[in-house]
Amino acid sequence: MSRTTTVDGAPASDTDKQSISQPNQFIKRGTPQFMRVTLALFSAGLATFALLYCVQPILPVLSQEFGLTPANSSISLSISTAMLAIGLLFTGPLSDAIGRKPVMVTALLLASICTLLSTMMTSWHGILIMRALIGLSLSGVAAVGMTYLSEEIHPSFVAFSMGLYISGNSIGGMSGRLISGVFTDFFNWRIALAAIGCFALASALMFWKILPESRHFRPTSLRPKTLFINFRLHWRDRGLPLLFAEGFLLMGSFVTLFNYIGYRLMLSPWHVSQAVVGLLSLAYLTGTWSSPKAGTMTTRYGRGPVMLFSTGVMLFGLLMTLFSSLWLIFAGMLLFSAGFFAAHSVASSWIGPRAKRAKGQASSLYLFSYYLGSSIAGTLGGVFWHNYGWNGVGAFIALMLVIALLVGTRLHRRLHA
């Protein structure tokens, strides 16, 4: 007698057998399949953002070791997010053609290997090349994970599952910053990045093992004409271009604050250590709560109001960082992080329902704008820091958030007119 197994070769449970016999059934919350998807994508998000942002708290160290200005040092992060943004234009359509899981697994493995190789680079240009390859590789996870959830999870639970995925992103960003900051203080930055690379490699292997294969994936053509038609369709939508703008502004604000807050706090009167700068990433923990919470709140209040409220929380948190009290600054960072991850969770969960087809490409365009904001605003923030100090950086971030509120208001009115 043949033995029914799951996609990873493990014996299938009764629930798995039922799902296999009904291939069109969406995965619902509370089922073993939902737990596997949640754990797999949580670990993928964690590894992705640990790899991407591990250099952020050590920017002052890189400035000292390689004789760089803050703006030039920030390129080690900006080049990763820029290449990630460019890669999204290709990996989303690629996943539409060959499948979600193969693209994500390959991307995580390549990014982990490039991170380990970056610890062997002796020149700044060598480090930048590795960081560019890391960003390009991670583009295969960022948008495809969102698309996988929108395809495989029951529509009633997509916002909740997206919130859990984003919470994995927040923990990953926190872990990468925390490990690199503390390990750099006690050892050096090369050992710190090597530890993160090994951690991400283990996460990639676990992700490959437990993520179920796509059941609702239908391959589409990679012909340039088809890609252009879908691109035009997305940009003609009443809501998608505004969501793309939201991603640019939200991420640009978030990265700018965390890029330069460390420079500020290492100066007088605080003089905090590199380890403490890394510990500031604990502010990300609020994102692990606010992301799924925002997802559940959308069912009661709607996506527009929740996104606007979350953006307002970011603005209030930013204002608190303008004070000199270290406790007020950290409290402001907590609020800022909570608001960001909530707003991003809502915006990203809005993409799938709005896209009429080629959802992978739509998610890629959103995250292209998202990471483009990180690259452009993250580097421009260094100019404001150099010329105007933290007040200048705060004014720059506040301007982006006010524009985000205006865009969000227009989006809500347009889709509910």
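Heads up, the Cβ atoms here are built off N, Cα and C, so glycines get one too.
Per Swiss-Prot, the features are:
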type: REGION; residues: 1-22; note: region 'Disordered'
type: TOPO_DOM; residues: 1-38; note: topological domain 'Periplasmic'
type: TOPO_DOM; residues: 60-73; note: topological domain 'Cytoplasmic'
type: TOPO_DOM; residues: 95-101; note: topological domain 'Periplasmic'
type: TOPO_DOM; residues: 147-152; note: topological domain 'Periplasmic'
type: TOPO_DOM; residues: 174-190; note: topological domain 'Cytoplasmic'
type: TOPO_DOM; residues: 212-241; note: topological domain 'Periplasmic'
type: TOPO_DOM; residues: 286-315; note: topological domain 'Periplasmic'
type: TOPO_DOM; residues: 337-364; note: topological domain 'Cytoplasmic'
type: TOPO_DOM; residues: 409-417; note: topological domain 'Cytoplasmic'
type: TRANSMEM; residues: 39-59; note: transmembrane segment
type: TRANSMEM; residues: 74-94; note: transmembrane segment
type: TRANSMEM; residues: 102-122; note: transmembrane segment
type: TRANSMEM; residues: 126-146; note: transmembrane segment
type: TRANSMEM; residues: 153-173; note: transmembrane segment
type: TRANSMEM; residues: 191-211; note: transmembrane segment
type: TRANSMEM; residues: 242-262; note: transmembrane segment
type: TRANSMEM; residues: 265-285; note: transmembrane segment
type: TRANSMEM; residues: 316-336; note: transmembrane segment
type: TRANSMEM; residues: 365-385; note: transmembrane segment
type: TRANSMEM; residues: 388-408; note: transmembrane segment
Range from 74-94, 102-122, 126-146, 153-173, 242-262 with the greatest count of C-beta pairs under 8 A to the transmembrane segment (191-211): 102-122
Per Cβ pairs under 8 Å, the stretch of 102-122, 126-146, 242-262, 365-385 packing most closely against the transmembrane segment (316-336): 242-262
Proximity of the transmembrane segment (388-408) to the transmembrane segment (102-122), 3+ C-beta pairs under 8 angstroms: no
Cβ-Cβ under 8 Å with the topological domain 'Periplasmic' (147-152): same-chain residues at least 6 beyond its ends: 26-27, 37, 41, 92, 95, 100-101, 104, 158, 161-162, 165, 212, 214-217, 351-353, 359-360, 363
Chain residues in Cβ proximity to the topological domain 'Periplasmic' (286-315) (below 8 Å; excluding those fewer than six residues from its ends, i.e. six or more beyond): 159-164, 166-167, 169-171, 174, 246, 250, 253-254, 334-347, 349-350, 398, 401-402, 404-405, 408-409, 411-412, 415-416
Counts by DSSP class (helix H/G/I, strand E/B, coil) across the topological domain 'Periplasmic' (147-152): 6 helix, 0 strand, 0 coil
Positions on the same chain near the topological domain 'Cytoplasmic' (60-73), where near means CB under 8 A and six or more residues out: 124, 184, 189, 260, 262-263, 266, 274, 277, 379, 382-383, 385-386
Beyond the flanks of the topological domain 'Cytoplasmic' (174-190) by at least 6 residues, Cβ under 8 Å: 46, 49-58, 61-62, 65, 119, 196, 199, 258, 273-285, 287
